[in-house]
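Asker: Pulled the feature table from Swiss-Prot, pasting it below:
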type	residues	note
REGION	2-53	region 'N-terminal'
LIPID	Gly2	N-myristoyl glycine
REGION	7-22	region 'Necessary for MHC-I internalization'
REGION	65-74	region 'SH3-binding'
REGION	65-74	region 'SH3-binding'
MOTIF	68-71	motif 'PxxP'
REGION	104-120	region 'Mediates dimerization'
REGION	144-171	region 'Binding to ATP6V1H'
Amino acid sequence: MGNIFGRWPGARKAIEDLHNTSSEPVGQASQDLQNKGGLTTNTLGTSADVLEYSADHTEEEVGFPVRPAVPMRPMTEKLAIDLSWFLKEKGGLDGLFFSPKRAAILDTWMYNTQGVFPDWQNYTPGPGIRYPLCRGWLFKLVPVDPPEDDEKNILLHPACSHGTTDPDGETLIWRFDSSLARRHIARERYPEYFK
């Protein structure tokens with residue numbers, strides 16, 4: 001990992017002291033990779049989906065010029081925390097309207113630069129605040145009031161084209177919440193997802 005996300009030794013040490021347990025992978029491919037050391041026959045569809053996902057997203061305008069420089073791996077708690085703080089410091093996601101396309105861009109970037117399976121960015125169901133299922137990911141989805149329907153917002157505001165894809169009809173934004181590093185709220189509220 002090195003200096004990819006920068007150094008913040010005090011915060012990192014405090015977080016590591018709080019979490020001496022390893023995180024559990026969320027997706028089936030990540031679970032098989034951690035438990036069995038590779039993809040098994042029951043995840044062949046998943047690995048094909050990963051390859052198809054990568055092929056679909058590298059041909060778009062948002063594509064990336066390189067294939068993964070590291071072996072494929074599941075998202076770990078440390079990597080998720082480092083990525084969250086990196087995106088917060090660089091002004092990445094905090095306050096942006098959530099859309100599946102933006103989430104796919106982030107998944108594709110992580111797949112191509114870090115070799116992380118694109119199954120890590122999942123959230124609890126709505127309505128209301130959606131908490132990340134991946135331990136260490138410090139961005140939750142918070143519902144906001146949709147902007148006013150004046151001509152300027154219809155033409156320019158990203159919520160008009162991205163906020164309508166939520167099954168509950170809510171407009172969601174990413175919010176950074178450092179308390180998610182200390183407490184896994186998704187596991188507390190939805191233990192059935194972690195059996």
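Here the Cβ of each residue, glycine as well, is placed from N, Cα and C on the backbone.
For the listed features, I'd like the structural context: burial, neighbours, distances.
Answerer: A mean pLDDT of 59 is what the model gives for the region 'N-terminal' (2-53).
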Asker: Per DSSP, what is the residue tally for the region 'Mediates dimerization' (104-120) in helix, strand and coil?
Answerer: 11 helix, 1 strand, 5 coil
